[in-house]
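Q: From TrEMBL, for reference:
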type	residues	note
SIGNAL	1-21	signal peptide
DOMAIN	40-117	domain 'GDNF/GAS1'
DISULFID	47-53	disulfide bond
DISULFID	161-222	disulfide bond
DOMAIN	161-241	domain 'GDNF/GAS1'
DISULFID	168-174	disulfide bond
DISULFID	185-200	disulfide bond
DISULFID	195-241	disulfide bond
DISULFID	224-229	disulfide bond
DISULFID	251-323	disulfide bond
DOMAIN	251-347	domain 'GDNF/GAS1'
DISULFID	258-264	disulfide bond
DISULFID	275-293	disulfide bond
DISULFID	285-347	disulfide bond
DISULFID	325-335	disulfide bond
CARBOHYD	357	N-linked glycosylation site
REGION	360-392	region 'Disordered'
COMPBIAS	381-392	compositional bias 'Low complexity'
CARBOHYD	413	N-linked glycosylation site
């Protein structure tokens, strides 16, 4: 009898546990409406398979065509379509940078979220999946970086940007794509047109999207002790073609041009999401994630909003898009705020310094040892003279930098980044 009662008790407990573990028991109010996020291409496929969702999505796209948000929301059909789609997988969908159908994914994302925003927002939500990797992961993948673990005396005399170029040349994919963008960005079109900027930007995007970050980061964020090294770092993206122009446009106008392109708009939104200065974290970066900020910064290279170092000073790190706030009128305060997110951004500055020093918030729990310095003047320093010697012998650095250019059989032009190559 006792054994029978014990058996019944165990049977009852087993059935209770099974019922608690079943999916039906998880449909409480706290999980109502939850759905796992999917990329927007897949979410579009799921929506197309459901008649109600697909018809509402078509309606919304028609509503957004040529109308502003207020006009759209005044239409009851548009409102109904928006409400239905907020309960569909399309609302929570995200994209992966560099994915096969990235542009299509981003077009789908913005077709929903442009209808949800209250006019022109200063900061927009990123359409990309959150970055979970850290700088320490990059360090583990890289064979060498910025003198970490080396003799401090030797490291101080090293040109880390030259080391980065050498490392790239030892990797077939990195060398191939770097040689490609150097060739394209230095190809003079005519005496009045120094290059084809559109093709140059495309080649740069391919380089930074397809080459592993343990190579690209070392070229972009190498630490420097002298001007020659800092100038090499500034010349990484061939700024005379990809960055500089005859005149600087207004920064808000440049942002407006960027936001007309889904890719550029997405990369800018991602930069703000991951590099926007936070004063509630140790590093001034959201979630103390240096890697997310540096990845977002690199992701903007090759677009209208391409950023770069403003001078070749090794003492301070100041980056900016090629724009100014002249002619902003009553929007000058907003323009200055936008520009300061680049020129005086403690998160971005700390992230670049952390990579150059080979440190990460996970590696050093107390946070970076350096202190954020005030941004120096954003005036360009005079170009380097041809006979300026690097601390590691400029002749070697020039040969390394120019190898891929000379292999292409390019003729010399007046661009600054090639002056040292052909002088040598």
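Just so you know, glycine gets a Cβ as well, placed from its N, Cα and C.
Bear in mind that TrEMBL entries carry predicted annotations, made automatically and left uncurated.
Please situate the listed features within the shown structure.
A: Regional average pLDDT for the domain 'GDNF/GAS1' (40-117) in the model is 84.
Counting every protein chain shown, the number of other Cβ atoms lying within 10 Å of the Cβ of residue 53 (disulfide bond) is 21.
Residues within less than 8 Å, Cβ to Cβ, of residue 161 (disulfide bond) and separated from it by at least 6 positions along the same chain comprise 219, 222, 224, 229, 232, 233, 236.
Residues near residue 168 (disulfide bond) in space but far in sequence (CB under 8 A, at least 6 apart, same chain), listed by position: 174, 175, 178, 211, 215, 218, 219.
Every protein chain shown contributes to the tally, and the Cβ of residue 323 (disulfide bond) ends up with 21 other Cβ atoms within 10 Å.
Residue 258 (disulfide bond) counts 21 other C-beta atoms within 10 Å of its own C-beta, drawing on all protein chains shown.
When other Cβ atoms within 10 Å of the Cβ of residue 347 (disulfide bond) are tallied across all protein chains shown, the result is 25.
The number of other CB atoms found within 10 A of the CB of residue 325 (disulfide bond), across every protein chain shown, is 18.
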Q: Among the disulfide-bonded residues 185, 200, 251, 335, which ones place their C-alpha within 10 angstroms of the C-alpha of residue 285 (disulfide bond)?
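A: Cα filter at 10 Å returns nothing.
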Q: I need the most crowded of these disulfide-bonded residues: 174, 293. Count other C-beta atoms within 10 angstroms of each C-beta and give me the top one.
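A: The residue with the densest Cβ neighbourhood is 293.
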Q: When the Cα of residue 323 (disulfide bond) is compared with the Cα of each of the recorded positions 185, 195, 264, 357, which one is closest?
A: 264
